[in-house]
Every structure is written in structure tokens, then in C-alpha cells.
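J.: Annotations per TrEMBL:
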- 6-149: domain 'SAVED-fused 2TM effector' (DOMAIN)
- 21-47: transmembrane segment (TRANSMEM)
- 67-89: transmembrane segment (TRANSMEM)
- 159-346: domain 'SMODS-associated and fused to various effectors' (DOMAIN)
- 171-191: transmembrane segment (TRANSMEM)
Amino acid sequence: MSDWMSIGHKLVDWITRPSTLALLLIRSGIALLGFSVLGNIAVNVLFKSSEMELRVGGETTGGLPNAWLYGVGAFGLLLVVLGLIVSWIDRRQVQRKCVLVMEHRGLFPIDTPLVSSLPATIVGRKEELIVDVREGIEDGRLTRPDIALQKVIDSRGDLRRRLERENPADVLLVYGGLNAVPLTFLTGLLLDDESHIKVFDWDRKPPGRWREIANGGDDQKRFEVEQQATGNQGEAILALSVSYQVELPAIRETFGELPLTHLKMGKLSSDSHWSSEKQAALAMQFFEELKRLAACGFSRIHLIIAAPNSVVFQLGRIYDRRNLPPAIVHQFERTSSPAYPWGVELPSHAVPAPLLGYRSRVITAGEQKA
């Protein structure tokens with residue numbers, strides 16, 4: 001069923017593809033050629049039976065002069081030739097363009113590669129850059145985050161080498177995936193210097209498909225401040241609830257009584273994040289709260305995020321590693337004790353490279369004061 005749906009989406013993309021100048025010229029030329037041919041034909045139809053005989057005839061001669069018809073035909077042929085030339089030039093330009101498709105394959109198995117799901121409007125040579133951490137997945141849990149983290153770090157170098165081979169004006173970067181929150185956030189941070197990225201996310205509505213985060217469709221719903229951290233030193237927690245409610249008891253069990261800010265969507269949903277404008281607005285709210293926590297004097301921020309993959313990626317892109325306090329993005333594992341067993345410390349002015357940290361116990365009151 002999913003194969004037929006995929007074919008259907010491809011067919012819709014082909015039918016609704018934007019008309020190019022080449023197609024317009026060729027279609028117009030063929031129409032004029034058809035007009036010139038139909039302008040000088042004769043048709044005779046004879047129907048006979050035992051009771052009657054019916055003869056129907058017609059011709060289009062005697063209308064426009066033959067010279068006009070020949071001229072229309074010649075002009076139509078010229079348009080077809082011009083259309084073919086323009087099409088050849090367009091094809092050469094498309095061959096120069098490179099579409100780098102970075103796909104993260106992680107927590108959930110997806111049978112449809114992102115590169116095969118791109119709409120017809122994305123043209124150029126397709127190159128895949130796959131970050132696959134599925135060999136470390138057991139029962140939906142990432143058992144070797146160290147290996148997965150290194151793969152994410154290595155992918156940035158691989159991407160940089162591929163970009164250096166191409167003219168920057170001819171390259172389009174596409175990102176999509178399903179990965180652990182810390183790794184997705186880090187990926188967004190590592191790609192923050194790329195000016196334009198087309199972002200896709202997996203639409204889980206049956207039968208499931210890749211869907212672009214596109215302009216339009218902003219429902220104007222934003223974060224509501226459920227709780228806001230106060231203080232002037234030490235560490236703080238910034239929790240975001242977008243698709244699911246973060247587990248506040250688990251946060252307290254893991255991090256003790258650290259000051260907590262909780263930003264929450266009024267209506268939690270896994271299907272209301274497809275607007276690029278909405279994602280940009282949510283990311284800006286997140287960024288402003290980080291700046292507020294920095295102004296308060298907090299020296300480290302613990303990030304707890306329950307959001308779709310594309311939202312986490314956008315949050316990572318807006319994080320300012322040079323001016324904000326060091327931060328750790330934590331992974332939630334419901335069956336673990338503590339529930340946030342590991343996290344990735346983001347590169348910053350104090351941390352030159354991403355670091356993996358494990359947490360085997362809660363923070364004590366004495367450690368909080370220290």
C-alpha cells in the first residue's frame with residue numbers, strides 16, 4: 001500500500017511540476033503545427049445499410065490562404081526547435097547543480113529513503129550522506145551513543161569535503177531524519193553556518209512519508225511559559241514540550257531542584273509543526289529564553305526537549321555557541337534510571353568539541369550549591 005502511495009505522490013509532483021520556458025515553447029509549437037495541418041484537410045465518411053446511404057464530407061480548405069498556413073507551420077516548427085535548444089541548456093545547468101541529501105537513520109525504521117522522496121521541484125544531481133546509527137538500537141533505545149555521536153561529528157567533515165568540490169551557487173543541502181534528540185540538536189548546531197537548508201520530517205500519518213517544512217500554514221500558536229527559572233548562578237534547566245509533555249517528575253529525579261524553565265505548547269501535537277514560519281518563531285522564543293538565563297548569570301544550561309525531529313534541528317541551528325552559556329542536551333529513556341541517562345555537551349567558547357556525558361545518579365543539594 002505504501003508503494004502505491006509513494007507512486008501517487010510522485011505522479012502528483014510530476015503533474016503539478018512548474019512549467020518551464022522550454023515546455024511552453026514546445027507545447028506552443030506543436031499547437032501551431034497542428035493548426036497548420038488541420039487547416040488544409042478533407043474528410044469523407046460513407047455509411048451504407050440496406051435501407052439507407054449516408055455520406056458526410058467536410059474540408060478545411062478555402063479558409064486561410066495556404067501561404068498563411070505554411071507560415072504558421074514554419075513558426076510552430078521554429079518554436080519546437082527553440083524549445084528543444086532551451087531544454088538542452090536547462091539540462092546542462094541541472095547537471096551542474098548538486099543536491100546533497102543528509103539523512104539520519106536512527107530510532108525508528110523507515111523503508112523510504114529521503115532522496116527518493118524529494119519533489120520534482122528539487123532538481124540536480126542527488127548525492128546521499130547517510131548517518132546510520134541503527135546498529136546501536138535495541139528496543140528503541142540507543143545503546144552506543146558514543147559511536148552515534150562520532151558518526152554525527154564525522155558527517156560534518158564529510159559534508160564539508162563534498163561542498164568544497166562544488167560551486168556554492170550550484171549546491172542545495174537537504175536534511176531529514178529520525179534520531180536521538182541530542183544528536184539531532186547537535187547536527188543543527190554543526191550546520192548553522194549553511195545559509196539555506198531544505199528540511200524534511202517524517203509524517204507518521206499512515207502510510208507515512210517524507211514531508212517538507214515549507215512556507216505557509218502557520219497556526220500562530222507559540223510556547224506558553226509554564227514555569228520560569230530564577231536565580232543568578234550555577235546551573236539551570238530549560239525544558240520544552242512540543243509534541244509530548246516532558247516528564248517533570250523524571251527531571252526532578254535526575255537533576256534535583258535545579259532552577260527550571262518550562263516552555264510548553266498549549267496543545268501538544270506531533271502534526272502541527274509543518275510551517276517554517278512557526279518553527280522559526282518557536283526557535284526565537286527558545287533563543288530569547290536562553291539569553292534571559294545567560295543574563296541571570298547561570299553558567300550551564302540543561303536542555304530537555306520533547307519535539308519532532310525537524311523542530312529539534314531548527315533549535316540547534318539557532319543556538320549561539322559563542323555567546324550563550326555552555327549547554328548539555330539530554331536524552332530521555334523512559335525505562336532508564338535515571339530517566340535522562342546521557343547527554344551531549346555542545347561545543348562552545350569553553351568546550352572545543354562535542355562531549356558525551358553519562359549520568360548515573362541525581363544531583364545532590366551540595367553539588368547544586370557548588
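Glycine is treated like the rest: Cβ placed from N, Cα and C.
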J.: Can you name the far-off residues of the same chain, 6+ from the ends of the transmembrane segment (171-191), with a Cβ under 8 Å from a Cβ of it?
T.: 97-108, 110, 114, 118, 122, 124, 131, 133, 142, 145, 148-149, 152-153, 155-156, 159, 163, 197-202, 210, 303, 305, 307, 309-310, 312-317, 319, 321, 329-332, 342-344, 346-347, 354
J.: Should anything in the same chain at least six residues away from the transmembrane segment (67-89) have a Cβ under 8 Å from its Cβ atoms, list it; otherwise answer none.
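T.: Hits for the transmembrane segment (67-89): 20-37, 39-40.
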J.: Looking only at the domain 'SMODS-associated and fused to various effectors' (159-346), what is the model's average confidence as pLDDT?
T.: 94
